[in-house]
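According to TrEMBL, the features are:
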type: TRANSMEM; residues: B:39-55; note: transmembrane segment
type: TRANSMEM; residues: B:67-91; note: transmembrane segment
type: TRANSMEM; residues: B:118-138; note: transmembrane segment
type: TRANSMEM; residues: B:150-170; note: transmembrane segment
type: TRANSMEM; residues: B:182-202; note: transmembrane segment
type: TRANSMEM; residues: B:223-244; note: transmembrane segment
type: TRANSMEM; residues: B:291-311; note: transmembrane segment
type: TRANSMEM; residues: B:348-369; note: transmembrane segment
type: TRANSMEM; residues: B:375-393; note: transmembrane segment
type: TRANSMEM; residues: B:405-426; note: transmembrane segment
Protein chains: 2
Amino acid sequence: MTVSRTICLGFLALITAGTLLLLLPIATADGQWNSPLIALFTATSAVCVTGLIIVDTGSYFSPSGQAIILLLIQVGGLGYMTATTFLLLLLGRKLGLRDRLALQQSMDQSELAGGRRLVLSIILMTLILELTGVFLLMPLFSPDFDAAHSLWLAVFHSISAFNNAGFSLFADSLIGYAQSPWMTLVISALIILGGIGYQVIMEAMLWLRDRIQRRRSLRIFSLHFKIVTSTTIILLGLGTIALLSTEFNNPATLGLANLPDKLIMAWFQSVTTRTAGFNSIDIGQMENTSLFIIIALMFVGASPGSTGGGIKTTTLRILLACTRTVLQGKEEVLCFQRQIPSSRVLKAIGVVMGSGLTVIGTTTLISITDPEFNFIAILFESVSAFATVGLSAGITADLTIWAQLAIIATMYVGRVGVLLFMATILGDSSPSVIHYPEEDLLVG
Amino acid sequence: MTVSRTICLGFLALITAGTLLLLLPIATADGQWNSPLIALFTATSAVCVTGLIIVDTGSYFSPSGQAIILLLIQVGGLGYMTATTFLLLLLGRKLGLRDRLALQQSMDQSELAGGRRLVLSIILMTLILELTGVFLLMPLFSPDFDAAHSLWLAVFHSISAFNNAGFSLFADSLIGYAQSPWMTLVISALIILGGIGYQVIMEAMLWLRDRIQRRRSLRIFSLHFKIVTSTTIILLGLGTIALLSTEFNNPATLGLANLPDKLIMAWFQSVTTRTAGFNSIDIGQMENTSLFIIIALMFVGASPGSTGGGIKTTTLRILLACTRTVLQGKEEVLCFQRQIPSSRVLKAIGVVMGSGLTVIGTTTLISITDPEFNFIAILFESVSAFATVGLSAGITADLTIWAQLAIIATMYVGRVGVLLFMATILGDSSPSVIHYPEEDLLVG
Ligand SMILES: [K+]
Ligand SMILES: [K+]
C-alpha cells in the first residue's frame, strides 16, 4: 500500500469511527441517538480540524460527546502533522550536501534515519505546547466558571487552537472574549505555532538553545524556514491592516470599539483566518470586501507540516517567485538566493489547479442545490471547508442535505490534500521511458 | 524603446485620440459636447475591444460617433492581433528544426523574415472575413430596416463580432435575434475566427488548400494549432452544456423557449462569453450558478494572436498539463507528445498570478467604493473588464466614478496584457550572471 493510500484510508477510518461514536446516546446532551448526518458532519469536521458545525458544540453534545470531538481533533491533527513532516523529511534525504546541513542541524541525525523518535518528538512538542496553553487559559475562564468547568474550557480551547480546529464550546465562538488581550495573545500563539509546522518550531528552538548557551552559532536556517516565517509574518500583517481598514467604521464589528480594541480584534481575525477558524467578530455582519479578503487568506492557509490547511504559504511564495522571474525575463526561480527545483514549481501549479477546481466545483454544486443563498456566502463556506478553516458566513447549518454532504466531501479532500487524493484515486502510473521533443508556443 | 513599451504607449495614444474624438459634438446624438468620463470610458472600451458601456451606443452616439467607435475597434483589434502575432513569430525563430518546419509550412518563408507582408496578410484576412460577415448579415437586418440602415447595422456588427468587441447598436445587444439560427451561425463564426488567432486560421487555410488541390500533404500542424483548436472546441462544448443545464428551467432566460431554441441560445452564450461579449440572453436574469460559470469562462478567454482577451486557452492547457504531470509523478510537461519548455510554464504561472491579482484588486476596490451592489455582480464586471469581454451583470452604468475609473484601468491592463504591462512599469533588468544553488522545500 502506498503512503498516499494509507493517508486517505486512515482519515476515512477515523471519520467512520468518529461518526459511530458520535451516534451514541452518551454523546448528545439530551441522551437520544444522534442523527447520522449530524454525527457524520461533526466527526468529519473534527477529524479534518475544520470547525464548521451544523449544531452548537457546547449545548448539543454532552461532555462525553465533547470529549470524543476533542479526541478526534487531537488524533486528526497529530496524524496529519506527523504524516506531512515525514514527507518533508523524505524529501530532505534527496537534498544536496549544503542543504542537508541545514536540515540535519535542525534535527538530530538519528531522527532523519528512524521515524519513531520523530513521532515521539512531535507528540511531545504538541503535548508541551497544549499543556502550556491550558495553564495560560485557566485564568481567562476562572472568573466566570467553577474550577472544573474552567479547566475543561481551557483544555478544549487549547487543543482546538493548537490543532487549528476552530471548535469552541461557546455558541458565539470567542466573540465574548473579543476585547481580552490575554485571550488574543494565548490563542494567537497556539494557532500560529500549530500552523507553522513542526520543522520550523524545531529549527527556531535549536537556534534559541544556541543563543542561550552562547554557543558560537554556525546554524544555517533552511529555505523552508525562511520562506514559511517570512510569508507568515507578511500575511499576518497584511491581513490585520486590510481587515482593520475595511471594518474600521462598521458598527456591527469594529466600529464601536476603541482603537486598541480594534487593533486586537483585527489582528485576531487575521491570525484565525489562516486556518484556525475561531472568530471574535461576527462574520455574518462583515462588509463584502472583508469577506472577500478573508476568502483569499483562507485559500492560502497555513504552512506545510502543520495542522493547518489551504494551498500553503510555500506554494504561494513559489508562484510569486515564478512571476518575478518571468517579469525579470530570467529562467531561474529564486527565493532567498536559492533556486527552486522545477519539480516543486510543477507541484505548486498542481496544488493551486486542484484546489481551484475543488473550490469551483463545491461552489457550483451548492449554488445549484441552494440557490437562495447569497453567492459570496456560498463561496465563503466552500473555501472555508476546503482550507479546513471553519469560519462561516452563517449558512452551513441551513444548507440542504446535498450541500452539507458536498461540504463534508470538500473538508475531507481539503484535509488529505487535493493532489494526494487525486493521485490515490487515479492510481500510480509507471514512469514513462519515452522522451518527447520540445515545442514552444505562445502563452497569455 | 522596447516592444512592450511601444505596445503600452500605442494603446494609450489610441485611447487618448479616441477620447478627444468622442468628446466632440458631432459624436453625440444630441449634438452637445460629450461628458469626459463617458468619452474616456467608451474610447477605452472600444480600443480595448471590451464592449462594456455606460451609455447606449445606438441612441446616445450619432452615426459619426458610432463610426468613430467602429474605427477605434478596428484599429485596436488589428493592432493587438498584429502585435501578438509578431511575438508568436519572434518566438518561432527560436524553435528547433522540426518545429520550425510546422511553422514555415503554415506561412511562407518570406513572412518569417519580413514583417511587412505579415501585416498586409493580417489586414487582408481581416477585411475578407469582415466583408463576408457584412454580406451574410445583410439579409438578417433588411426585413426590418431600410437598405442604408441595414448595411450600417451589418457593417457595425460584423466588425464588432470579428474583433470580439461586443459593441452593439441595439440597446438589448442581440436579444432581439436570440432565436435566429442565421444570426447565431454568422456571428458565432465571426467571433470564433476572430478569437482563434491569425496563425491558426492560416494553418487551417493552407491545409484546406492542399486538400482541394489534392496535393499529397506532408503538412504537420503546429503544437500551437493543436492546443488552440482542441481547447476551443472543448470549452465551447462544456460552456454550452453547462449553461443549458443551469438555465434550462429559468423562465427569464431559456425556460420558455423550445429545445432547439434553448440549444441555439446556450451555444451562442457559450461562444460569446470567451471573449466577444454580445448577449442574446438577459445576463441580469441568470442564475448565480450561470454567472459563476460565465466568470470562469471569461477568465480563460480566447487564444493568443487573436482579438480576444483573458488568460488564453494555451495558458489553461499548459497548467492542466502540469497538473497531470504532477499526478503521474513525472517531470516532463507533455502536450500532444511534445514537451512544453519550462520558460513557457513559468510564463503561464506569471499570467495567471498577474491576472488573478488584477481581478482581486479591481473587485476589492469596487466592493469598497460601491458596497451596495451584489458581490457576484461586482466580480462579474471586474472579470469582464479584465478579459475584455464586455458582458455585464447590469451594474457598470450605475457604478460611482471611482469604480468606473477602476474598470477603465482594468480594461487597459487586460488588453495590453498584465505581464507586458508590469514588465513595462518595472523596466528591463539586466540578466543576472550569478547562479544560486538549488534547495528543495515542501509544497501544498
Ligand atoms: K480550522
Ligand atoms: K469583448
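Backbone N, Cα and C define each Cβ position, glycine as well.
Heads up, TrEMBL stuff is auto-annotated, nobody curated it.
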May I ask you to check whether the transmembrane segment (B:118-138) and the transmembrane segment (B:405-426) make contact, with contact taken as at least three Cβ pairs under 8 Å and only pairs 6 or more apart in sequence counted?
no
Same chain, outside the transmembrane segment (B:223-244) by at least 6, Cβ under 8 Å from its Cβ: which residues?
88, 99, 102, 106, 192, 195-197, 199-200, 203-204, 254, 262-263, 266-267, 269-271, 273-274, 290, 293-294, 297, 300, 303-304, 313-314, 316-317, 335-336, 338
In the same chain, who gets a Cβ under 8 Å from the transmembrane segment (B:39-55) while lying at least 6 residues past its ends?
11, 14-15, 18-23, 27, 61, 69, 72-73, 75-77, 80, 160, 163-168, 276-278, 307, 309, 381, 384-385, 388-392, 396-397, 404, 407-408, 411-412, 414-415
Of B:150-170, B:348-369, B:375-393, whichever stretch has the most CB pairs under 8 A to the transmembrane segment (B:182-202):
B:150-170
For the transmembrane segment (B:150-170), could you work out the same-chain residues 6 or more beyond its ends whose Cβ comes under 8 Å from its Cβ atoms?
45-46, 49-51, 53, 57-58, 63, 66, 69-70, 73-74, 76-78, 126, 129-131, 133-135, 137-138, 140-142, 144, 176, 187, 190-191, 193-195, 272, 275-278, 302, 306-309, 388-391
